[in-house]
Amino acid sequence: MKPTKLGFLLGLSLLCSLSPPVLSGVERLANYLCKDYNDPCLLDVEPGSCYEVHFRFFYNQTAKQCQIFLFTGCNGNLNNFKLKIDCDVTCHETYKNPPLPSGDKRKRSLRALATKNLATDWRLTTLQPGRLRQTERKETLLQRARRESRRQPLARHHT
């Protein structure tokens, strides 16, 4: 390779390596100025311009729900979800801004959740590696005790 070509390629690679910080600043500014347009839920449905057939979901702002549409495979926008649950979680108000429970309900639900989690998986109660075996042993003993308490003791007669 000639020194001139090598110098040109070296200069080009140097220019490309220095460009990303400038472009990322421009990208951040664009994101700040256009944040409403980056929300896929605010975009209209875009079926695309190819000839494939894909069933997808989009968020309909008027109906306030996710609806099915035919996507042709290319040139769509971000308001295009493969699964309805993805569309719901991203766009539906229930998932975007979940209602906060009142004080009493919240205390009860947290207590019930904690009790349920502790009852179903004893191994989660101890996270220290050295004590994990002890926790598993306690679980085994507890399960054995429950099994034995369910059985009716058989009367044994020794003669």
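Yeah, the Cβs are placed from backbone N, Cα and C, and that goes for glycine too.
Among Cys41, Cys50, Cys91, the one Swiss-Prot lists as the disulfide partner of Cys74 is Cys50.
Cross-referencing Cys41, Cys66 with Swiss-Prot gives Cys66 as the cysteine bonded to Cys87, criterion being a recorded disulfide. Remark: Cys74 (disulfide bond) has Gly48, Ser49, Cys50, Glu52 as non-local neighbours, by Cβ distance under 8 Å and separation of at least 6 in sequence. Fewest other C-beta atoms within 10 Å: among the disulfide-bonded residues Cys41, Cys50, Cys66, Cys87, Cys91, that description fits Cys50.
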